[in-house]
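**Student:** Would you mind keeping the following structure in view while I ask a few things?
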Amino acid sequence: MRPSGRAVDSLRSIVLEPGYSKHAEGSCMARFGDTHVLCTASIEERVPGWMRGGGKGWVTAEYGMLPRSTHTRTDREAARGRQSGRTQEIQRLIGRSLRSVTDLKKIGEIQIRLDCDVIQADGGTRTAAITGSWVALYQALARFEKLGLGALPPLTDHVAAVSCGLCDGVAVLDLDYAEDSTAQADANFVLTGTGGIVEIQGTAETSPFAQAQFMELLALAQKGITELVALQKAALASLR
């Protein structure tokens, strides 16, 4: 029995609320159970210096956690004067994931910056950030098109992410903190809406796990991503 009472192949209660911020070109509050991440997309009509003149755009991301998003307060990284390795890893992952489904030539020389702020953390913050950021990115690009500054569809597919793990030897979908902190193995899967693999991050926490167990995790992830993509579509439909 999972701590939450969920079936092994069940996601947490997922809510993707688009248009959450009135200022950003695109935004989405992604709620994966008790994990809440605000994702905003901002359009900058310039690209990094190393890309100028190349005729291509760029999509990048920043990630951060509010001091009391966790059980005990954590100092802001700005107060420490540097980002942690974990923060840098996660924001690079978010950027890579979104670029994998964006036709950078079609958007022209603009940069879209995704800001992912964890309001409350209960496991799976990076997966919530990726899933919500895609919704925010889509919104921003749609608004860009309406202004006559670009042409859709620069997004080639959906992208979403979910975690899976082995808890007491059983493969389970979408780990919360209680499961993630005790899992024998866990993995984050970033997949496209058509089933393409963008990135898989997997770790054995106690002892190696078998290939057959990994395939169980992958099958769960594929099921979860299918459901998340359906929620992304529903979120965008609610804006029309």
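Keep in mind that glycine also has a Cβ here, set from the backbone N, Cα and C atoms.
Given the structure is predicted, the values throughout are model-derived calculations rather than measurements.
As listed in Swiss-Prot for this protein:
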BINDING   R86, G124, T125, R126  phosphate binding site
**Student:** Within 10 Å of the Cβ of T125 (phosphate binding site), how many other Cβ atoms are there?
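**Tutor:** So the number of other Cβ atoms within 10 Å of T125 (phosphate binding site) is 24.
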**Student:** Provide the number of Cβ atoms within 10 Å of the Cβ of R126 (phosphate binding site), excluding the reference atom itself.
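**Tutor:** Result for R126 (phosphate binding site): 24 other Cβ atoms within 10 Å.
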**Student:** Over all pairs within R86, G124, T125, R126, the annotated phosphate binders, what is the largest Cα to Cα distance, rounded to whole Å?
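**Tutor:** So the maximum pairwise Cα distance among the phosphate binders is 13 Å.
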**Student:** Have a look around G124 (phosphate binding site) and count the other CB atoms within 10 A of its CB, chains all included.
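**Tutor:** There are 27 of them.
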**Student:** Starting from the Cβ of R86 (phosphate binding site), draw a 10 Å sphere and report how many other Cβ atoms land inside it.
**Tutor:** 11
